[in-house]
Ligand code: SAH
Ligand code: SF4
Ligand code: F3S
């Protein structure tokens, strides 16, 4: 037990940045730490161990982490036995590890995305020798099962079905930091899923950078739709979400499965990135706007009430006004309920970093404004038109208005309605009465 190195039981503070995969890794890190005797705290000042589980997807994410690490210097001066660690996607890049080594001497522990199961050994090494432990990043491309986990929620759970990514979209760092695509065995996923349902979890979100290529490389042939059918056969009152779907691999079989399985939420996050075929090609996305729209049409016909959300990159190198207008056009055609928009961020080592990028940041920011305005007009009107519907929601959290709670609809929209907080984690029936921007408002209905 590592706790033997401490006079009083040690406390760990773990903060995860970035995507749900990383959040789920953070839950495993807490589980591993708890297993070796750490308590978990949520203030930096109380911690004996601070771990930042980082994201490298955009420069801004990295700058934020460096800012937050810088702020820890004072804490370390006040408490010399404090251990400061950096892990996750940033720590998977050699130049970042070098920067931490050179310029942040008070960072004690550095390891990449595949190090969680070895964390107790690394900590022991650091505590025993009293020296910094900084790993040179390498890719293990491992699938580690049976790791302890301390989940953040008692009713919603993340369930990774695959790790890594082989798509190499030209702007994206993820394949370099998360390694090669590999799927978990269906039996392991099913066992974890069953366990969650038995424990009363009501919403399971299946995770992967491209869930549609699930199953490649496994011994027995299985694809993502087969996996969904396998999970949906488990009895219980639950719903399943998943992310992310790459449009190039989203099959009609998948759409048919979502349509046929009542446990599946009627919402598809289908990142399009751009509405210009020229840019989609430059991005190495392997689909055209026409193919994407065909898929959306197919889903709309098969799944009544289905909604879509998407990621869009504004200002990819060489994006012209014409390319950008094609994106606006696509956004109008699809009518996304939610859009996650990013200004292109140059990631060294990716192919796009070498592409000429003459557009100024101010121009890109102006395009972003136009995109957000277009999106708001479309989505707010669609959301407002839902008033009058009676829906079932999973109550997630306290609402912003005192005395209210927030519930998430099957289609991923959120409704705020007056109800006691003890409903959090429960299903509720709600009459939709109106909306404020993207937030629906409603009234609880007694069942
Ligand atoms: N695997 C998922 C998401 C990965 S990262 C997918 O393929 O959709 C989440 C989002 O971050 C991406 O969809 C993309 O829109 C955005 N993103 C990735 N790299 C980026 C970069 N260099 N600059 C700006 N946005 C980026
Ligand atoms: Fe990045 Fe593309 Fe892989 Fe998504 S599919 S993680 S955008 S390389
Ligand atoms: Fe970021 Fe790593 Fe996820 S780079 S988006 S935390 S896979």
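A Cβ is built for glycine as well, from the same backbone N, Cα and C atoms used for every other residue.
The model shown is predicted, which means the values in this text are computed figures rather than measured ones.
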>> Please identify which of 19, 165 is recorded by TrEMBL as part of the [4Fe-4S] cluster 1 site containing 55, 89.
In response: 19
>> For a quick check of packing: other C-beta atoms within 10 Å of the C-beta of residue 169 ([4Fe-4S] cluster 2 binding site), how many?
In response: 22
>> If the criterion is a C-beta within less than 6 angstroms of any ligand 3 atom, which of the binding-site residues 89, 165, 172 pass it? List them in sequence order.
In response: 89
> Got a sec? Which of 55, 89, 172, the binding-site residues, have CB under 6 Å of any ligand 1 atom?
Replying inline: 172
> Given the binding-site residues 19, 89, and counting only Cβ atoms in the protein chains shown, which has the most within 10 Å of its Cβ?
Replying inline: 89
> In Å, rounded, how far does the Cα of residue 165 ([4Fe-4S] cluster 2 binding site) sit from the Cα of residue 55 ([4Fe-4S] cluster 1 binding site)?
Replying inline: 15
>> I'd like the Cβ neighbour count for residue 172 ([4Fe-4S] cluster 2 binding site), meaning other Cβ atoms within 10 Å of its Cβ, all protein chains included.
In response: 21
